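Going by Swiss-Prot, these are the annotated features:
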type	residues	note
BINDING	97-104, 228-232, 292-295	GTP binding site
LIPID	Cys415	S-geranylgeranyl cysteine
LIPID	Cys416	S-geranylgeranyl cysteine
REGION	1-34	region 'Disordered'
Amino acid sequence: MSQRKRYSLNVVTSPSIPSPTPSAPIRTNESNWEAASPASAASSFLPNVHHGGTVLNPGLGIMRSPSLNKSGAFGRSGSSGSSTVIEPSNIKLLLIGDANVGKTAMILSYCRELLTRAEMSRSVRLRHQQQQQHKDLGLKKTVVNHRLSMKEKRKRYSSNDFEKEFKDINHFADETSDFGNPNIGDDNNHEMADPNEIVIETRSTIGIDIKTNLVNIDNRFFNVILWDTAGQERYQNAIIPSLYKKTNAVILTYDITNAKSFQSCMERWIVQALENFSSQDLLKARFFLVGNKIDLYKERQVTHYDVVQMVQEMQLKHGIKISGNFEVSCKWVNVVERTMNMIILDLVENGCFENNDPCVSITTSDDVQGHEQEFHDTVEEPFNFTRQRQHQLEKNNTVDITKPNDDIANNQSICCV
C-alpha cells in the first residue's frame, strides 16, 4: 500500500494564443501619404481595441507627419547663391609721413582707443592691485611651505635652528612687501589736471600697424583699413612695394610745429608714392594733406599760406590733385573722427573703394554730372506745360436798348423789344 502510485487529475487545455501586437506600417515612399485616406491612416496606428481589456477612443489616434527632407520644406535656398552673405566693401587708407608726427595717435583716436587721464590712472591702480594680490598669495604660499618643511623636519632641528628659520621668514616677508610698491604718480601734481584729458603715450611704429573699423554709409557697410607706416627709413625698405597696392587714399601727415616734416611731404613722401603706385591703382587713389598737433598752435611753424602754396606746387610739379587739406589734434577726438569721415565720404562718392557687392555698380559723382549734362544737351527747348482755360460763352439775358436785339433763331435784327 505504501508503494501505490498516486495520480493527479490535470485538465489539458489548449495553449493560449497571444493576440497580435499592433504594429504601425512603415511607409518608405512619401508619396503614399497623400494617397492614404485620413481614416485608414488613423486606424492603422491605433492598437487593438479589445487588447488588454481596454477600449481606446479612435479619435485619439497619433498621426506622424511626413518627412521634411524634401526640398523646400524649410524654405532653404538652392545652390544659386542667393542667400550668401555679402561682405562689406574695403577702403584702404595709408598714412605716410616722418616719425613723431602723430600717425599712430590719429588712428588710435579715430578708433577711440586713447585713454583719458582718469582712465589711465584707474588702469594703473588696478594693475598695481593685481600685482599686490599675486605677491600676497605668493607670500602666503611661501610661509605655508616653510611651516610644512619645518614640521616635517622638526626632529632634526634644535631650538636655535627654529629661531633662525623664523627670522629668515620675517626678513623675506619684509622684503616682499617693500618690493614692487611704487608710488602711482604724484597726486599733488595732478590735482589741477583735467581728468577727461586724453593722454597720448605711443611708441614708434616698427614696420606696419593695421587697424580696421566698420562704418555704415546709407545702409551699406564699408570696412575701413587704416595702415600705419614707420616714419624711419630703416624700417621701410622691405615693405615699400606692398604698401601702395590697392590703396584708395594716401594721407600725407605732417606736424604743424615742425617745418621739416612739412617739406618731407613734398620732397620725399609724394615722390615715393608716385614711384610705387601702379597705373591701375593710381586711377582709384586720392591724396589728402593732414596737419597734426593744432593744439600747439602757439608753436606753429607751418602757416596756411605755406599749405596752399604746396598744394599748388604739387599739382604743377607732379600732376596730382590734393583732394583735401585738414588740420587735426589727437587730443580732440571729434575733430579726428569728422576728418576721417569726410575723407571716407569723398572716396565713396568718387568710387575709390574695392567693391565686394556684385549687385551694386560703382557710380561716381562725375558720372552723375555727365548724365545730367547729356540730358540737358538732348533737350533743346524746355518743356512748357501751359494749360489754357476755355470759357464757355453764356447767353446774356439782359437787353441793351441802345443796340438792336438780334434774333438768332430767325436771323433777323429787331430794333425794339
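Glycine too: its Cβ is placed from the backbone N, Cα and C atoms.
When Cβ atoms from all protein chains are considered, those within 10 Å of Lys103 (GTP binding site) total 27, not counting its own. Taking each Cβ in turn and tallying the other Cβ atoms within 10 Å, the top scorer among the binding-site residues Asn100, Thr229 is Thr229.
Most buried of the binding-site residues Gly97, Ile294, judged by other Cβ atoms within 10 Å, is Gly97.
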